[in-house]
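Comments concern the structure below.
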Amino acid sequence: MWGNHQVKHLRAPNGILHRNEKMAARPLSRLWKVSDPTLFQMTLVAALLATVLGDCGPPPNLLFAFPMTTVVNQTHFNPGATVKYTCRPGYGRVSYKSSTLTCLDDTWNYSEFCTKRRCKNPGELQNGQVIAKPDHLFGSHLEFVCSEGYILIGPATSYCEIQDKGVDWSDPLPLCIIAKCEPPPNIDNGKHSGGDEDFYTYGSSVTYRCDPNFSMLGKASISCMVENKTIGVWSPGPPICKKIICSRPEVRNGKIISGLRPTYNYQNNMVFECNEGYILKGSKLIYCGEDGEWNPPPPTCELINGFSVFKKEEVIYKCHQGYTLVGEPRLSCSYSRWSPAVPQCKALCLKPEIAHATLSMDKDQYIQSENVTIQCDSKYKLVGPQSITCLESRTWYPEMPKCEWVSCEHILKGRKTMQCLPNPEDVKMALEIYKLSLDIELLELQRDRAKESTVQSPV
């Protein structure tokens, strides 16, 4: 259509193309004066296309493909220009999609025509697990994890990478072998239940036993375990066999009631009790510790009042202010015991002051643990608990109740009962208002009768 002319640039809205392929600026109004009709048509089409379609920059650098032809030095491409691509290593061509990019509307138009290649199935890891992250495609990787009690021999990961003309895993499957422990260690003054094996596998266990008169410190049984997923070790560590003897404690004014024996070894225990007239200070149960000492320390037996009292002597009890003595105040020492029983000092609570109420027990003071029941007077109701108790803190529990007014005088208006009013002042005010309302009714009645008489009188 264009003869021998080749169009390399379509942008010429205000100029024309010469036969030597150079653009010469010329006003569009002078194009009508050009004698060569072919040149005029070519220039006009170029001007129109440049206003509608834009050229493209260099072809994009795709993650999955690159141009087959060299276009490094070319920075502008005309609308409709095409560039053919080829897939990068690690990617495969999608057969039903075009690998050619086309310049359309200032943009290289294409759809993704290469996809990641897939590595082969790595297979199963015996006594372990293969974890794909995220899949088996190019760029992914595998993680190898052994089952509990097994140790990984080989790489812990493998990557799907480029190999030859395709893709494959960087490392083969590793091995998961059961953990092994050296023979259990021997200990002084004791032995274990193991045999003459060269090694012990994961989960195996042995039990230690101490020689006579030796005590074991630690766990009797140990097992073959895995440490840091790399080595087999015995856990916990082996025990120690040690000769531990605690001396028999002497507790004055007390005696051993349980655990009496010739010698006391590790973890042997005994129980104490004090003689009559004495109280025990400390723990009655003690154990022989690994350091040869009693834990906790042996108790002591002390006089109840901290001083000695001889036979037939007497003591007198007296309570502090706010408390009352319950029992006999005077005690005497007889046969290493006090007679009669030791009294108690109990708290005193003041009489609860509750208006318009009657108490079940009416007195000035009440003794600890005593209960009082409240009964409200007529026309009053109880708000709160009906029964309260005197506490050791000399307070009443629960909170003190009260009696509130619930009744009042009624005012009759004819045969109807008016509003119930709580006090005389309100009753007086209501009566005055009622009297005033009666006066108003009387005046209204006189007014109505006067109107009726005016209407009925002759003109």
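For all residues, glycine too, the Cβ spot is worked out from N, Cα and C.
Per TrEMBL, the features are as follows:
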| type | residues | note |
| --- | --- | --- |
| DOMAIN | 54-116 | domain 'Sushi' |
| DISULFID | C87-C114 | disulfide bond |
| DOMAIN | 117-178 | domain 'Sushi' |
| DOMAIN | 179-243 | domain 'Sushi' |
| DISULFID | C181-C224 | disulfide bond |
| DOMAIN | 244-303 | domain 'Sushi' |
| DISULFID | C274-C301 | disulfide bond |
| DOMAIN | 347-405 | domain 'Sushi' |
| DISULFID | C376-C403 | disulfide bond |
Over the domain 'Sushi' (117-178), what is the model's mean pLDDT?
95
Out of C224, C376, C403, the disulfide-bonded residues in the record, which is closest to C274 (disulfide bond) when you go by Cα distance?
C224
Listed in sequence order, residues with CB under 8 A of C376 (disulfide bond) and six or more positions away:
H356, A357, T358, L382, C403
DSSP helix, strand and coil counts for the domain 'Sushi' (179-243)?
0 helix, 31 strand, 34 coil
Around the Cβ of C87 (disulfide bond), the count of other Cβ atoms that are within 10 Å:
18
Nonlocal neighbours by CB distance (under 8 Å) for C301 (disulfide bond), same chain, sequence gap 6 or more
V251, R252, N253, G254, F272, C274, N275, Y278, I279, L280, K281
Work out, from DSSP, the number of helix, strand and coil residues along the domain 'Sushi' (347-405).
0 helix, 30 strand, 29 coil
Helix, strand, coil residue numbers for the domain 'Sushi' (54-116) per DSSP?
0 helix, 25 strand, 38 coil
List of residues, in chain order, with Cβ under 8 A from that of C181 (disulfide bond) and at least 6 apart:
F199, Y200, T201, Y202, S204, C224, G232, V233, W234
